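Here is the structure we will look at, set down as structure tokens.
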Amino acid sequence: MSKRNPPVTNIADLVSDSSLDEDSLSFLEELQDPELYFKNDTFSSKSSHSDGTVTGDTLRRQSSGATALERLVSHPRTKNFDLQGNGGQNSALKEVNTPAYQSMHHFEHLITPLPSTNASHSEVSLSAGVNDLNSNSEHDLLPKSVNKTPGSLSISRRRRIGRIGLGPPKRAEYTLTDPSKTSDTKNSTEADEDIEMKSREVSPASNSVAATTLKPLQLHNTPLQTSQEHPKPSFHPSQFESSFSPRVQFDHDVERRASELHSRPVTVFQEPQRSASQPYESHALSPKVAPLFDNSQATPIPKRQQDVVTVANLQFIKLGVVGKGGSSMVYRIFSPDNSRLYALKEVNFINADQTTIQGYKNEIALLRKLSGNDRIIKLYAAEVNDTLGQLNMVMECGETDLANLLMKNMKKPINLNFIRMYWEQMLEAVQVVHDQNIVHSDLKPANFLLVEGNLKLIDFGIAKAIGNDTTNIHRDSHIGTINYMAPEALTDMNAHTNSGVKLVKLGRPSDVWSLGCILYQMVYGRAPFAHLKMIQAIAAIPNEQYHIHFPEVALPANAVQEKEGSLPGVTVGPDLMDVMKRCLERDQRKRLTIPELLVHPFLNPLPSYLTPLAKKPLPVSGHTNNAHPLRLSTEISASQLSMIIERSVELSKHKRLNKELIDSMAYDCVSNLRKMPE
């Protein structure tokens with residue numbers, strides 16, 4: 001750094017001192033600036049200042065209306081610094097237009113070039129000047145260590161000759177100390193302090209402008225860093241907006257709100273504390289449903305104590321009613337031990353007679369006897385309380401029964417595969433009962449439960465075992481369903497007993513009649529006598545003069561014919577028609593048995609290529625055109641059959657035999673295989 005006195009940047013302060021002379025301004029010669037020279041008590045320059053002190057080619061007086069911010073920016077050591085912390089030339093603070101400033105050129109320069117040294121010291125002076133700009137006490141701004149001798153540059157007394165507005169004074173004096181008597185450090189320090197002191201001499205009007213403009217700068221508590229030796233401090237995230245978007249002037253309310261916003265502490269969102277029993281809530285979850293159990297307990301306990309039921313020392317929890325009938329209720333229950341669902345049948349027989357009570361107990365005995373079969377509902381636990389008159393049975397839980405399934409599909413065309421599958425499962429269930437010499441005597445769609453896609457027989461309330469020496473059972477009453485009741489169950493076919501009580505004779509054929517009524521409903525959508533009233537049905541069922549109608553086309557319920565031949569019906573095949581007619585024979589001796597129904601062609605349909613050929617003329621060699629194809633009736637072995645098949649395939653490839661003849665030969669081969677002993 002070259003040894004020189006501090007530069008003079010404020011001509012208004014320069015001319016206010018009467019001690020100013022040409023010798024005192026000799027320090028300007030050290031600048032060695034060819035563009036700057038002294039002439040007629042004024043400074044002339046080919047450049048102009050950005051603070052309004054020099055415009056054009058003449059250095060003019062700075063008006064008292066200039067703001068302290070403008071004079072601060074005009075200082076050569078702060079020229080390249082943005083007061084918001086940005087060192088660019090695009091700062092909005094350089095474009096302050098006041099009445100004392102009128103730009104005459106497109107570019108502006110300072111009188112004194114920016115020194116290359118003491119940069120860090122200038123930063124301290126600038127920071128101090130910005131932070132203490134609004135102070136009204138000049139005495140408090142002077143440091144105590146400053147030399148207060150009259151010859152000192154930093155505290156030289158300024159005397160003003162004339163008044164502002166009357167033109168420039170004729171002469172001004174400024175007393176300077178001898179540069180040789182002061183060290184470089186002292187001169188630099190005093191120069192900075194002098195610039196700092198001069199920047200504070202502003203009018204009251206400019207005080208308000210500077211305070212309003214520079215107050216947001218108080219958010220930055222760290223001094224400006226421009227030296228490469230000192231790293232730049234980190235900014236608070238809230239200061240980024242003000243750093244990149246400096247504002248010169250704004251309303252006082254905006255200033256106050258901005259100050260409150262930056263001074264407000266940052267609130268970090270914390271999830272509210274939740275107790276252990278409080279359920280977790282989320283907007284994406286379904287609506288709240290009252291929990292079935294109390295989660296705070298180790299063992300699930302229902303909300304209502306009356307929902308707990310104990311059967312055979314096993315606890316269950318009621319979930320809802322499945323069905324009801326007469327004096328019985330069926331519930332869906334839950335077992336906490338294995339987390340499975342069951343069905344609970346509760347029967348109240350407090351007002352029932354002994355015959356009814358014995359029938360309920362007989363059902364438990366039959367279920368235990370038939371337990372383990374896949375076609376019979378499983379009984380897990382049961383108990384009878386004669387004191388309370390209550391019977392409880394825990395059984396296998398199903399999805400629905402056959403009655404609901406048929407009602408759901410009654411308006412749709414029948415599906416023969418659907419009928420064939422469930423008809424076979426019903427026959428197998430009844431076969432299990434008959435093999436144990438038991439007659440169910442109350443078969444109906446509601447007594448077949450659908451469990452995991454398979455039908456199972458339930459409700460043995462009126463079932464009774466058959467004696468070993470008889471084929472029928474005798475009951476003193478029958479409480480089955482009328483639409484599925486056999487004719488013999490409605491006819492007094494037995495003599496009076498010694499006690500005068502009429503007996504009803506029932507056997508296995510009565511269950512076959514009931515099965516025939518169920519099959520009829522599966523095909524046509526209703527039972528054979530369901531369209532009649534009860535009195536009419538009771539009279540029509542045993543009456544042989546009343547013919548049961550078997551349509552050849554099965555129509556869905558409530559089918560409407562839009563045009564001729566457009567009904568959505570399904571043709572009933574001859575095998576299905578034969579099964580229904582053979583099951584609904586009024587003479588029970590003519591009805592098919594369960595084993596015969598299981599091997600009926602309806603359940604064992606032959607492929608189309610194995611069905612008997614229609615009687616039509618076929619061109620076969622050695623026969624007339626009106627003759628039927630030759631049927632092979634001789635018994636053959638398996639090897640011979642294999643040779644015939646191979647020969648037939650070979651001939652068919654050469655198109656020597658037609659398809660009808662090959663089918664006929666294959667049918668005869670299969671027929672002969674059936675006749676061969678196993």
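Note that Cβ sites are derived from N, Cα and C of the backbone, with glycine treated the same way.
Cross-referencing Lys345, Lys361 with the ATP binding residues that Swiss-Prot gives (Val322, Gly323, Lys324, Gly325, Gly326, Ser327, Ser328, Met329, Val330) picks out Lys345. Residue density at Val322 (ATP binding site): 17 other Cβ atoms are found within 10 A of its Cβ, drawing on all protein chains shown. Taking the mean position of the Cβ atoms of Val322, Gly323, Lys324, Gly325, Gly326, Ser327, Ser328, Met329, Val330, Lys345 as the ATP site, the remaining same-chain residues with a Cβ inside 8 Å of that point are Glu346, Val347. Around Ser328 (ATP binding site), taking its Cβ as the centre, 17 other Cβ atoms fall within 10 Å, counting all chains.
Residue environment of Gly326 (ATP binding site) contains 11 other Cβ atoms, counted within 10 Å of its Cβ in all protein chains. Site extent for ATP: among the recorded binding residues Val322, Gly323, Lys324, Gly325, Gly326, Ser327, Ser328, Met329, Val330, Lys345, the largest C-alpha separation is 14 Å. Gly326 (ATP binding site) carries neither a helix nor a strand DSSP state and counts as coil.
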